[in-house]
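Engineer: So TrEMBL has the following annotated:
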COMPBIAS  54-73  compositional bias 'Basic and acidic residues'
REGION    42-73  region 'Disordered'
TRANSMEM  116-135  transmembrane segment
TRANSMEM  142-161  transmembrane segment
TRANSMEM  193-213  transmembrane segment
TRANSMEM  249-271  transmembrane segment
TRANSMEM  283-300  transmembrane segment
TRANSMEM  365-384  transmembrane segment
TRANSMEM  434-454  transmembrane segment
TRANSMEM  485-504  transmembrane segment
TRANSMEM  511-534  transmembrane segment
TRANSMEM  595-612  transmembrane segment
TRANSMEM  662-683  transmembrane segment
TRANSMEM  712-728  transmembrane segment
Amino acid sequence: MRVELDGNPPIYSLDTVEVIGGDGPHHRHAYPTPDTPAVERFQDGSVPTVYPPDSDHSSDLEKSNGNWKEHPNADVEEVLYDDNADGREKVLETAEDFAQRLISLDDDPTMPIHTFRMWFTGLGLAVFASVLGMLFQFRPQVLTVSPLFLQLIAYMIGRVFEFTIPGPGSKYHTGSAFWNWLNPGPFNLKEHVAVQIMSNTASVAATACFVFASDDLFYNITINPGNAIFTLLASQLIGYGFAGMFRSFLVYPTVMLYPQNLIYVNLFDVLHRSKGEMLQGKRLRFFWYVTAAVFVYEWFPEYIAPLLGSFNIVCLAARNSDWVSYIFGGAEANEGMGLLGFGVDWANITSRPFYYPLSTQISNYVGWAINYALLPAIFAANVWKSKNFPFISQNLFFENGTIYNQNLILNADLSLNKTALEIYGQPWQSGSTVIYNLGINLSIGATIVHIALWHGRDIYDAIKREPIDDVHYKMMGVYKEVPTWWYAAITLGAFVTAMVCCYTEKSGLPWWALIVALVFAILILPFYGAMYAISAVQLVVTNLFQILGAALVPGSSQANMYFELYSSQAVLQASSMLSDLKLGQYTKLPPRSTFSVQMAGTVVGALLNYVIMQQVISNQREILLSNEGTRVWSGQQVQSYNANAVLWGALGKEIYGPKGPYFIVPLGLVIGLALPVIPWLLYKKYRWSWLPLVNTAVLAYNIGDLAGGTNGYINTWMAIGLTSHFYIRRYRAGWFRKYNYLLGAAVDGGSQIFVFIFSFALGGAGGSGVLFPFWALNPDGNADYCKVTGQEAS
């Protein structure tokens, strides 16, 4: 199909019963063809349309010799049926199924994006999200700013703009060019996506702030504000540059699904597409009803009746046993592992069981099962002197179980004082923390081999296939792509800035070590990014780079922090940016628009993170240095970050070396390399159909996952995940396609709105908290009635 510029360009309509699927055996998605009747309905949502560009439209559209380029849909299968011969809908199995049948193939290249309200709302929410994201890092219970929460708030603000400011669609419309600029019409999907990406990019607390906070709090080192801001930007933008250079195979191919984005895309569709259609209206009502119900319900497990969030009959039967608390308790942070517990608290469950692939969920369950057996065994056998310390704790201890003071063994330049170490002794960790770190290292090694063995051929074929065989990527062909040299220039500029800052800040990190950090980040990113895209699990790679930093620059916690900052942060930032690029591809947001809002969110987030961190440290220094903190403020995140830097940087050889007590932890990197080989060889020999469901990287990651936080909801999480992705997906395929991901968005949206309102109204984020009176479902002690052992939140 070729669209010429001669005369008035036609408007092509998608021949479909509904935007995302339909009822009955004959519903389908069809691409526009010249025979499709033109229906001129602009942005009213009643009929999804694809508008060929005309001479007045966006510069993002490509033009060649006076004629518009061939529409990418021309090379795509015209009709995609999603039902079996017997009329029953096919089960979603492959990445192609999810990408083509769950996500709309509808696009309007003329839709306005860079409007005043998009930038006003996007920058406003970016400021809000970055401030809130950093404040939450200094809370006793660390919270994150949910993308679903930002998505809903952005929609509400956009709709307010649409209806209250005079403009097309507003009852106050005057026809004035000024008001039309402020409000060009209905708040559209692409504006909404741009706001979402911008604010979500700004919401993640920058790792560099933990470096600055550690220096300030524990070593009385105050970084020059200029250096601090440049370090923040450099550490963030290096990852951004990496993301752009790896997008050809970590974003474009269909196999790189990013399942978490299916939640957001389904919500965008139900909020913006074909609202006049009966089924779409039904889905929209379903979303709002569930969101409202979850918001109301969350007041009970989170405030009025916490027992609902973690009920365990074993705790009720044996209230005075430490071991029962360790194994079955799970209502409070660090209480226990939550075995046989059952609780419905959506703030803890989240939407993950609705979008995690079945292979990820099965691997989670196996990892947790090993965790249930391993932690009690380690503690009972007193491995690593575990009985001297709490069953679950993240602190460092003297051998007698008291809290360790790392300043006693460090020189003024933060290097190790070996004489002091001999006097005071080495720090010790709880057995649960050791297992947690071991699991992370096993998962790092397993990730590399798992991706190579199980997905290497698919990724290789996707890279070599020209053109890339992805329907959404093909539809993006009408927009100008971001040149690779833009990303390369960002990477180079950020690298030079980082190199200068390393010396002006006296980081202790030599120039060659910075280069090694970035080289290893580039090497690990393809495997880490692919694992995230396929499994939806963003694994932790911090330990790998702390080990490398300790080996390259031994004896310096300061150098270790900066080595980890520029390597681990680059990988984490790149993977998050890649996910956003995929979201842009799914929603047909022009690449250059995605680029601009990501950059804006990154810069705004970095600047506001630094300002808020400085304010909190200045006003709450003593509280942040204390072990207990208060109900409002806590320094646990910074303390933990600093403790890890001391362990790996200053004490790496003594603690994790061949003669150290925790040598098994770095050895886990090597052991992890072998884990995927066994199931892969068994599958090659016996072709057991269940073996591809075993993701050894995710399994290994979860063998220490219960070593912290609240765990009383785990069994509920498992039940929901199996119901969603095993039973409903297989036996209620139509309902799964239309409502599963929307249900995940609703429970996340309702719980996150509750968390925000509760945190500032009663939870203490805005001042002093208000406790609910004790009663049967809100006991004085652990909410599940397990014995209070004294280790909770230690």
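Glycine is treated like the rest: Cβ placed from N, Cα and C.
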Engineer: In terms of Cβ proximity under 8 Å, which residues at least six beyond the ends of the transmembrane segment (116-135) contact it?
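Structural biologist: Cβ under 8 Å, 6 or more out: 144-145, 150, 153-154, 157-158, 161, 165, 181-183, 187, 191, 194-195, 198-205, 209, 597, 600-601, 604-605, 608-609, 612-613, 616, 765.
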Engineer: Compare 142-161, 249-271, 485-504, 595-612, 712-728 by their Cβ pairs under 8 Å to the transmembrane segment (365-384) and return the stretch that comes out on top.
Structural biologist: 712-728
Engineer: Same chain only, please: residues at least 6 beyond the ends of the transmembrane segment (142-161) with a C-beta under 8 Å from a C-beta of the stretch. Say none if there are none.
Structural biologist: 117, 121-122, 124-125, 129, 132-133, 136, 182-183, 187, 191-192, 195-196, 199-200, 203-204, 263-264, 267-268, 271, 291, 351, 636-637, 745, 748-749, 752-753, 755-756, 759
Engineer: Given the transmembrane segment (595-612), which of the listed stretches 193-213, 283-300, 434-454, 511-534, 712-728 has the most Cβ pairs that are under 8 Å apart from it?
Structural biologist: 193-213
Engineer: Excluding the flanking five residues on each side, which residues at least 6 beyond the ends of the transmembrane segment (662-683) place their CB within less than 8 Å of a CB in that stretch?
Structural biologist: 384, 429, 434, 437-450, 453-454, 543-544, 547, 655-656, 691-692, 694, 696-697, 699-700
Engineer: Please report, as numbers and ranges, the same-chain residues at least 6 past the borders of the transmembrane segment (434-454) whose CB is under 8 Å from any CB of it.
Structural biologist: 367, 371, 374-375, 378, 384, 524, 526-528, 530-531, 534, 539-544, 547, 662, 664-677, 680, 692, 695-705, 707-708
